[in-house]
């Protein structure tokens, strides 16, 4: 593989391309836009519908295979596999909803939805892992930006759904069937590993700030245009114009490599610096420590082996030293660490409860008297984006200035989530949109904090596997809290309100706060538990952050695969 020197344009071209990949990878967030059409076409009750929501989340977060293969396959191959998943999976769901294939078996639709949203895992892994390795000193910022755009994707798809596609679920599914593969084919060449800059660069920080500002403008634009369309009923020509402006905002990150082309900056480098700055991050070597570096512990195993070799006394069977927190762990080594499972549980309780609300968003809105839930989804999407972008940026600021562990933000947001679920359960008038906004911010923060935390504790070398295992907390929460709990409670309450229908009827609709009240009380309790676990994790890993960020900037471990 041809290595691209640090400081050149390709890493920024790759980041701009990754923005499009992440928006495409947000296809799983569109489930509320076509879930009602699925329920009607297949004549499902709420519990069956929530099981399809579980399929949606299982596919989106089952990324162990992409995680395992991300060190073996070039990113463009992962993108190609994701495109194929979208084409086949969403194509089958479109056939079912449009009734081109009437009476498609429920199990086949469930499996097709898993395949369709599994495209998210392939696309997201390729984009995120590649760019975090291209910008290893800005992990929180990169994770926040990319996860922010995937959070905005729901609003992007909603804008297309309400404007260009005229509120048609079948057209939306057809668009995802063909549009997502088209995006992957257009940008897959540009998402590639590059040799990173190994020093803090003020211009790099400025570029990141520009991307963050443009993403915020995109989010505000999407929220405003969705509200205006719902309130004023904009003409078709205006909606097309707004969609075109949206595309320009999504293209904005490409302004950075264009600027670097028009106004190049030549950096002088000494010859002795070049070898260390052209190490590949895609497949790190087993031992990358430099024995002549004075910062390396003199008890390092590599130094011991070199000294022994010089004396003709190498011990072939000598065991390797186990990695310490902040160094590169393989998956098995990480799996036996208490910090790994604490982070997993905190993430599981946070996103697992949040995705329960997201999967039942349409029904929650209808129960509260909101017939058109597109604004509700846009509010959630924008605030989810704010949480993802803000969580990455805010945590990056505090680890560099205060050496404060990132999970502090997970603690704070889970406390807010407890309050939010209680607000949902109260059914007070006027609190629905505010509660949805708070939940979106807190839900998004869980993602953008978990990702860099996992990379800092366990390294980037096997990050793909570790990150994707953590992501399983999302579908596990969806199955336990959404399908088993929320679906059953909703159908039971709907049966009480509609005595003529059985609990398994697809026609029974539930209205009022009782539809989800028990579920929301349980979710509040789970987030309270998550708060306690997050405090424990924060206390345990505080010394790691004091080591990594001593001096105000990230200090890469010598045994880390960089």
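A Cβ is built for glycine as well, from the same backbone N, Cα and C atoms used for every other residue.
Among the features that TrEMBL reports, domain 'Nodulin-like' is placed at 11-258.
If you look up TrEMBL, you'll see 12-34 (among others) marked as transmembrane segment.
Beyond the ends of the transmembrane segment (73-95), by six or more residues, the same chain brings 1, 21, 24-25, 27, 34, 38, 59, 66, 101, 104, 108-109, 112-123, 125-127, 130, 170, 173-174, 176-178, 180-181, 184-185, 187-189, 191-193 to within a C-beta distance below 8 angstroms of the stretch. Positions annotated as transmembrane segment by TrEMBL: 73-95 (among others).
Sequence annotations record features per position, and here TrEMBL assigns transmembrane segment to 107-129 (among others).
The annotation transmembrane segment is assigned in TrEMBL to 141-160 (among others).
Note on the transmembrane segment (172-191): residues 10, 13-14, 16-18, 20-21, 23-24, 27, 30, 33-34, 75-76, 79-80, 82-84, 86-87, 90-91, 93-94, 97-98, 116, 119, 123, 126-127, 130-131, 157, 160-161, 165 of its chain, located 6 or more positions outside it, place their CB under 8 angstroms from a CB of the stretch. Residues annotated as transmembrane segment in TrEMBL: 172-191 (among others).
Remote same-chain partners of the transmembrane segment (207-228), defined as residues 6 or more beyond its termini with a Cβ less than 8 Å from a stretch Cβ, comprise 12, 15, 138, 141-142, 144-145, 148-149, 152, 155-156, 158-159, 162-163, 234, 242, 245-246, 249-250, 252-253, 255-256, 374-375, 378-379, 381-382, 385-386, 389, 393. The feature transmembrane segment is assigned by TrEMBL to 207-228 (among others).
Among the features that TrEMBL reports, transmembrane segment is placed at 240-258 (among others).
Residues or ranges marked as region 'Disordered' in TrEMBL: 269-295.
Marked as domain 'NFD4 C-terminal' by TrEMBL: 332-544.
The transmembrane segment annotation in TrEMBL covers 340-358 (among others).
The transmembrane segment annotation in TrEMBL covers 408-426 (among others).
Annotation source TrEMBL lists transmembrane segment at 432-454 (among others).
Annotated transmembrane segment per TrEMBL: 466-490 (among others), in sequence order.
Beyond the transmembrane segment (518-539), the same-chain residues lying 6 or more positions past its ends with a Cβ under 8 Å from any Cβ of the stretch are 339, 342-343, 345-346, 349-350, 352-353, 356-357, 405, 407-408, 410-411, 414-415, 417-418, 421-422, 424-425, 481, 485-486, 489-490. As annotated by TrEMBL, transmembrane segment applies to 518-539 (among others).
Remark: the transmembrane segment (466-490) contacts the transmembrane segment (340-358), by the rule of 3 or more CB pairs under 8 A. Mean model confidence for the domain 'NFD4 C-terminal' (332-544) is a pLDDT of 85. Within the chain, the transmembrane segment (12-34) has long-range Cβ neighbours (under 8 A, six or more residues past its boundaries) at 52-53, 56-57, 59-60, 79, 82, 86, 90, 93, 97, 116-117, 119-120, 123-124, 126-128, 130-131, 134-135, 142, 145-147, 149-154, 156-158, 161, 169, 172-173, 176, 179-180, 183-184, 186-187, 190-192, 194, 207, 211, 250-251, 253-254, 256-257, 260, 358-359, 361-362, 373-374, 377, 381.
Among the recorded stretches 107-129, 141-160, 408-426, 432-454, the one sharing the largest number of Cβ pairs closer than 8 Å with the transmembrane segment (240-258) is 141-160. 432-454 is the stretch from 107-129, 408-426, 432-454 with the greatest number of Cβ pairs below 8 Å to the transmembrane segment (141-160).
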